[in-house]
Structures are given as structure tokens and as C-alpha cells.
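Feature annotations, courtesy of TrEMBL:
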- 70-228: domain 'Glycosyltransferase RgtA/B/C/D-like' (DOMAIN)
- 91-112: transmembrane segment (TRANSMEM)
- 124-157: transmembrane segment (TRANSMEM)
- 169-199: transmembrane segment (TRANSMEM)
- 211-230: transmembrane segment (TRANSMEM)
- 277-298: transmembrane segment (TRANSMEM)
- 310-327: transmembrane segment (TRANSMEM)
- 333-353: transmembrane segment (TRANSMEM)
- 360-377: transmembrane segment (TRANSMEM)
Amino acid sequence: MKLDKKLLAILLFAFILWVWNIGSVDLVSDDALYSFRALGWHDYLAAEGQTTPFQWFDSFPWWANLSFHDAPPLVFAIQKIFFVIFGDNPFGARLPFVLAMAATLYFVFLIGKELHSKKAGYLACFLMAIMSLAAYGAVAGLLEGVEVLFIVLAIHFWVKFIKTDDNKYLYLLFIFFSLALMSKYTAVFLPLAFLTDILFFRRGVFKRKELYSACLIFILILSPVIIYNIGLYQTRGHFDAALASFLGQETNDFLSLRERGVSANIFHGLKSIFNNLAGMMSPPIFLLLIMAIFYNLHKTVKLSNSRERYFVFLAGFAWALIVLAMGGAGSRFLIILIPFIVLLIGILLAEANFKINQKILFILAAIIFFWELAYNINSNFLASPASESFLVYSQENIVGRELGFNQLDKYLRAEVLPGRGRITRPKNVAAVDAKAIEYIEEHGVVYFFDDSINWFAHNWYFRRYLNYYGLPLAPFSEQAKTLGVANPIKYFADAGVKDFYFIYGVADAVIDPKKIDSPARQASKLLAQMLDGQGVKHQEIKNHLGQAAFRVYQFDIK
């Protein structure tokens, strides 16, 4: 097989761009929750409004190990493998998503080449490599970053099936349908798009026994999630959080998610999707996408012999839009639209080559692609954006996630929390507390942290050490409430604890916006002021811009 140097250059460029700073991007959103739970295959969130089987059962049922309360298990499983190899650090947390996006890039090229032309494949592949939305999908650490790989693999074998009519591709198609759904349920649009295609172009497929055999394989691969939800319904009266929201099931187990659900107002959802796309793509690329949609729609209606090759992209894109419009249309969901966006634009530009002067087309394409690359770099890779204008800055970006948490974690692991031991999955809530108490009794030290620090981040940067390593890291004000005392430091000092640490959030950027003026924040500020007044020394932790983000106080009470 001849080495495709153009494709290799694009793949290397994209991989280097995406992997360059994954170790410095903080885990401060849903990525922190996924990584925390994947690390020990431990379904727990420190949230009263979103409880989990870990809190419901004293004895953990076997079926509860098969999935998670709010998402299917596949991405968690992949991430856990990377943690085993690379350790519990941001690099191990994010690398699977970078690799998945790089593989997606490769299959985007194959799809474009096989269904249209090599030129369309190159154009789609290159656009994805420089695209801000793709960089966000590669580095943000969201489930969609892996889901999109299985989506594009399913599309790849869908295209193979269209070209060859070979039933082996039917099996592969359904395998990747199921793997996409095992990543996230939003991939449900794929079977709907495929069904639409065969209804219009290949009704004879319904007569093939291979279709029904493929459906059985599909169900078999989904069986862990099916069994999990049966167990959940039998014991709690509802399905997992995602399915419960979809079906309108209300439960006290997921109080904070009650407002989620399926919306019948598809047009409002579509408006939100395109508004978000406009906010995450440079203006010329967004305009090119609108043109590409209408162009491919026109070709689908006009042509007869090659109609299906345009229809595949449009059917997939349309069903994805409908599903996302009904399900909430958040910015993160746009990641799964990337293959359709770049392939639709790739086809438009490849065919424009025959209708527009090549020199003019090259100049226009160069300007558009350079703009998107500058938009991407400004949004995701500069230490501080040169401008936050919508013309050159994405509303969802990576730069906004370099707040100083990784610098804090590096310091804690080196100076405060040495000799952590092995990661151990706790059996129940009582086991977490028991292990922390055992550590306190043995070492005579307690680690407090500011309750108002970003809730998502606290799961990865603090809760991880409590639940998996048994280290007594506790939120200061919450610990006071739990113990029923005004001053938890005095409580532990009276119990014989000599050494204390307090991790205080200095910068507003590391504080949960909902807790800026909370009693917990005020209590942390008062404690920090008191320690400063007593001359207690602290280590200041700075973010990537050299600004103070945290202070770590160490003091003893004799």
C-alpha cells in the first residue's frame, strides 16, 4: 500500500496541534466527573441532587458494575485503560480523546474519497485538522470526543455497504452503531438515518436475514446497558438518568436533572444549534456550511444516478440535528456533527473546482482556511487570546480551562500528599469515611479545602484522593455541618490531630460562580484572613499566566 504523504502530513499536523498542551488543560467541567469515575470504575458524584447506586445500596449489586447512572460505560472503560497505562493525570485523562479524534480524521478522509472523490476527502480532512470545534472535541475530554469516532466508523461501513452491497459491511455497520450508543445515547440518530436510506434506496435489504442477524449482534453489544437499566428499574423504579430524562421519568434520585427532557419544539432547538455553531466556527466557515447544506440538498434532488452519495451525508446530518434539537442542543453536542460538517463542505469545494477559476478558488479557500486556523489558535492555544471578538474567538474553548488546578495538583502530589499508596475502589460510603479516619489516626493530619472551589474540578483534584487513596481531604464548611460543630479544626485538634492544611481559592476564576457570595465562601475567606493574621506561611500556586490561583496553608496546633 502506497504511503499517502498528504494525508500523513495532515494527520501529524492535527495530532501535534491537539496533543501539544493536553497536560496543562485543567479538568473543570464534565470531563472532571468522567475522569474521576473512570479512574476507579466508581460511579459517584458529590451531589445531593444527583445520587448514584454507590449511595443507594449498602451492598453494591453486580449489575450496577455494568454501566453508569447517567451515561453508557464504553468511554469510561476506554479512559480507565489509559489511566492504567499512564496514571491518574491530565495526560492519561485526555489522550484517548485526542487519539479518537485523530482516528476520526483518518476515516473522514476515507469516507470523502470513497463516496465522492479523493479531493473531497483531503479538503474535509484538512478542514477538520484546523477547525476550532475539532480541537475542542479532541481536548475537552467529553464523551462526544470518543463517540464521534464510532459514528464515523459506522458511516464508513455504511458507505462500504452502499458501494459493494456486501453483507459483511452490514454486520460491521451495526457493530459500530452499538458501540456509538455505548458511548452516548445521542448516537441514536445513526440507525434512524440508515433506516431512512434503505427506505428510499434499498428496500430489498429488509428481506435479507443478515439484517436481522446484525440486529441481534447490536442488541448483544448493548446488553450491559440493557441489564443495568432492568436492574435499576426493578430496584429504584426508573432507568438511568439519560433515559429517565428522555422518557419523562421523575425521581428524587436525580432531582437536579428534572428540568432535562425531550422538547417537542424542534425549531427552537435547531435555532439553538445553529446559534452555537455560529459561536464555535469562524464566520466564513459557518457561511460555507450553510452553502454546503443547500448545495448538497440541491444535488440530492437533482441527480438520479448518484443521488444516494449526497443523501447519506444529508440524512445523517438531518437526523443528528433533529435528535440534538429535541435533547437540548448544548454546545458540547456539536462535536458529533463534525464529520458531517467537514464532508458537506469538502464536497462543495471539490465540485466548485470544476465551476470556478482554480486560481480564484485557491485564493478564496486559502483565506477561509487561514481564518479558521487563526480562530482556532486564538481560541485554544494562545496563553491569552489576542481578541475575544466573535470573528476570531470561540464561545467554547480550551484556553478558558487553564486556571491553575494542574499546578495545584502537581504541588500537592510532590509536597503535601506523598506516599499515596494504590488506588482502591471503595465498597460503600461508610468505607470512604472509615479509611479517612484510619489515616487521621495513623498520621495525625487533616487536609481542608475551600468549599466554594469549582464543583466539577473538586471531584478530580480533591475527591479523588479521598475516595481512592483514603486521604482525609474535606470541604471546610461542609465538614463543619457534617460534624455539627462551628469549627472543624478545633474539633480535630481536640481529638489529637496536630497538623492541618487548608487549600484556599484566591482567583475568582477557580470559584464556582454559584458560590461566589455563599456562606461557604465567606467562611473560607475568614479562615484565610485569620491564618494570614497569625503569620501562617503559605505556598502560592500560580496559573499559566503567573497569576495567583490558590494558597496552600500548613499549620499545626499544639
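Cβ from N, Cα, C; glycine included.
Keep in mind that TrEMBL annotations are predicted by a computer and have not been checked by a curator.
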Stretch-level contact, the transmembrane segment (124-157) and the transmembrane segment (277-298), CB cutoff 8 A, at least 3 pairs: yes
Annotated stretches the transmembrane segment (360-377) and the transmembrane segment (169-199) touching (3 or more Cβ pairs under 8 Å): no
Segment-segment contact (the transmembrane segment (91-112); the transmembrane segment (333-353)) at 3 or more Cβ pairs under 8 Å: yes
Positions whose Cβ lies under 8 angstroms from the transmembrane segment (169-199), at least six residues beyond its ends: 71-75, 143-144, 146-147, 150-151, 153-155, 157-158, 160-162, 205-206, 208, 210-211, 213-215, 217-219, 221-222, 224-225, 242-243, 246, 308, 311-312, 315-316, 318-320, 322-324, 327, 333, 336
Average pLDDT across the domain 'Glycosyltransferase RgtA/B/C/D-like' (70-228), rounded to a whole number: 95
